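Data block below; observations after.
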Amino acid sequence: METITVGLDERSYPIFFNVNELSMLGSLCADQKLGQRVAVVTNPTVGAWYFEPVRESLVSAGFSVHKIEVPDGEEYKNSDTLKDIYDWLIDFGLDRGSFIVALGGGVIGDMAGYAAATYLRGIPFVQVPTTLLAQVDSSVGGKTGINHEKGKNLIGAFYQPRLVMIDVAVLDTLAEREYLSGLAEMAKYGVVLDAEFFRFMYDNVEKLLSRDKECLLAAVKRSCALKASVVEQDEREGGLRAVLNYGHTIGHAVETLTGYRQYLHGEAVAIGMAQAAKISESMGFSSSDDTERVLSLLSKLKLPQDLPPFSPSEYIEAICHDKKVRDGGLNFVFNKNLGSFTIATVADVSQLLRICGIGE
């Protein structure tokens, strides 16, 4: 089993990478001395596949296991579902000597993590991500929270897990669209942080699309290592960590405007990345060849690139409700060529939209 550590002093934690080793979860949790009672938060789809092996592993390690099943989908990442989780935690009698396991994708991880951060002023939690997007992004770094009708992730907290267990074999049961969505977040790291990793993805598209285990394990581990290096330097998004929002400013606007129902998160990010690449070129940060490479990779990964047809005013309203807006200015992430980035404050959002063909 391969391991990397997210180094955050007393909040440091390991990320374990493996293939077909969910049975190890119980012993890994026992090593962390998290307490004896655990609530596993999952959804019906993931639970049908993986709750039993997770439960058996935890029980065999001496834990008392409770199951919390919540609806599947981004539209349920809200205060109503969060209240249901609190109700179950209270009904089960979980105390500060208990912990939560988030078994699922990004929605489950975000909500279960936020419940852990706030229940009894904080109990430990463990991430067991079952989607590619969650494995390479949301399970690492401690961002937890829920959506508000006015925007995505407007309510939340930074709260680090005690460990993350990533088993790439669980991706075999992931729907194709969900899997491709995760490849968008993976590509993001290459575009703004690591040109060599971008080339690795570009050269191994077919292996990635076929879910080749060796290739996947290497790509997921590299993605997590890149994210961990950013989080270690800027845990609470005071500066550097904003690079991880590449493609997300426009992507979140797309999700908000479509009610979180038309696009998966990674699909919206892919649209945002395509537009960010065009904007970066227009602003002089990258070349047309760089933009062509980004758009080509997204195309090879079968990801959307075109903005849905909303008015400039609708896009501006959605973008200006984003948490990346500070003091009236929008902090926007531009790719500098491939493998590097710059962050600049944009006062005129309509200028960005015009570059994207909105409001010409």
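In case you wondered, yes, glycine gets a Cβ from its N, Cα and C as well.
Here is what Swiss-Prot records for this protein:
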- 72-77, 106-110, 130-131, LYS143, LYS152: NAD(+) binding site (BINDING)
- GLU185, HIS248, HIS265: Zn(2+) binding site (BINDING)
Counting across all protein chains shown, how many other Cβ atoms sit within 10 Å of the Cβ of THR131 (NAD(+) binding site)? 28
Let me know the DSSP-derived helix, strand or coil state of GLY106 (NAD(+) binding site), please. helix
Can you list, in sequence order, the residues of the same chain other than GLU185, HIS248, HIS265 whose CB lies within 8 Å of the CB centroid of the Zn(2+) site? LEU133, ASP137, ALA184, LYS188, GLY247, GLY251, GLY266, ALA268, VAL269, GLY272
Quick one: of the binding-site residues GLU74, TYR76, THR131, LYS152, which has its CA closest to the CA of GLU185 (Zn(2+) binding site)? THR131
Just to be sure I understand the packing, how many Cβ atoms besides its own are within 10 Å of the Cβ of GLU74 (NAD(+) binding site)? 20
Between the C-alpha atoms of ASP72 (NAD(+) binding site) and HIS265 (Zn(2+) binding site), the distance in angstrom, to the nearest integer, is 14
Whole-number Å distance separating the Cα atoms of THR131 (NAD(+) binding site) and HIS265 (Zn(2+) binding site) is 12
The answer, for which of the binding-site residues LYS152, HIS248, HIS265 has its Cβ ringed by the most other Cβ atoms inside 10 Å, is HIS265
Fewest other CB within 10 angstroms, which one of the binding-site residues ASP72, ASP110? ASP72
Taking the Cβ of ILE108 (NAD(+) binding site) as the centre, count every other Cβ atom within 10 Å, in any protein chain shown. 31
